[in-house]
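S.K.: After the structure tokens below, expect a handful of questions from me.
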Amino acid sequence: MAACWVHYLLLLLLGVSHQTLAQSLQCAVSKVLRLEDDPSRTFNWTSKPDKVETCNPGELCQETVLLIKAEGTKTAVVASKGCASREIEAVTFIQYTPPPGVIAISYSNYCNSSLCNNSKNVSLFWKPPDTTATSKILGALSCPTCVALGSCSSAPSMPCANSTTQCYQGKIELSGGGMDSVLHIKGCTTAIGCRLMAAITSVGPMTVKETCSYHSLLQPRKAEESRASGRSTSLWVLELLLPAVLVALTHFP
């Protein structure tokens, strides 16, 4: 009987110890919503040392950033760090809409060691788009252009690169991951219809809702041009488990 009691006590202590360890994961915490001239040089993603939270069981550390830019505008930066529900560690990079015109990309990292969500900048995956080549090949299309944290009803009209297909005018609503924000975007785009975010409805822990006005469908190019440019539109997603990502990053140019 005594041996059974000792065995039960050991199992109980091990269970408490395991639960304590599971709850001891600490993550950096921050949320950022701003416009940057060149995020690869000016955006500091470092969290304050005292901004730390302890995760619940079943949560990992996460860091997520969404970047949206139109030609001639500043770049909208929406960034979140903290604990989030996730089963496995993973790094994901998505280019929703390629240049020329409005560009949208995101990066998210889920990791399972304390304060592992410690990226300091976005220079590894964000490079300022080179507009020198496309600016010399302008088509007949011009679009109101802006990226704003609020309304941009008086956006200036900008000429579009020849490979763009329409004027985009929409808003991106973001919630979760400490965010509750709306981005207003206008500009030339290679996307077809209301698909700046390629119909993807989440970015890391953030839920995404994209809505467009009627003006997004104005001034489409000829069907032949639309089909030709559509072939060059790309959406690519890279999702790797953490060990593979660490190997890849050590060889990053």
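Including glycine, each Cβ sits where the backbone N, Cα and C put it.
Quick paste of what Swiss-Prot says about this protein:
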type: SIGNAL; residues: 1-24; note: signal peptide
type: CARBOHYD; residues: Asn44; note: N-linked glycosylation site
type: DOMAIN; residues: 53-117; note: domain 'UPAR/Ly6 1'
type: CARBOHYD; residues: Asn112; note: N-linked glycosylation site
type: CARBOHYD; residues: Asn117; note: N-linked glycosylation site
type: CARBOHYD; residues: Asn121; note: N-linked glycosylation site
type: DOMAIN; residues: 143-218; note: domain 'UPAR/Ly6 2'
type: CARBOHYD; residues: Asn162; note: N-linked glycosylation site
type: LIPID; residues: Ser226; note: GPI-anchor amidated serine
S.K.: Near Asn121 (N-linked glycosylation site) in space, meaning Cα within 10 angstroms, which of the glycosylation sites do we find among Asn44, Asn112, Asn162?
M.R.: Asn44
S.K.: Would you kindly give the Cα-Cα distance separating Asn44 (N-linked glycosylation site) and Asn162 (N-linked glycosylation site), rounded to the nearest Å?
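M.R.: About 35 Å separate the Cα atoms of these two residues.
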S.K.: Tell me, what is the mean pLDDT of the domain 'UPAR/Ly6 2' (143-218)?
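M.R.: Here the mean pLDDT over the domain 'UPAR/Ly6 2' (143-218) amounts to 91.
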S.K.: With H, G and I counted as helix, E and B as strand and the rest as coil, say where DSSP puts Asn44 (N-linked glycosylation site).
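M.R.: Once the DSSP labels are grouped into three classes, Asn44 (N-linked glycosylation site) ends up as coil.
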S.K.: Taking Asn44, Asn112, Asn117, Asn121, Asn162 as the glycosylation sites to compare, which has the smallest set of other Cβ atoms within 10 Å?
M.R.: Asn44
S.K.: For the domain 'UPAR/Ly6 1' (53-117), give the DSSP counts of helix residues, strand residues and coil residues.
M.R.: 0 helix, 41 strand, 24 coil
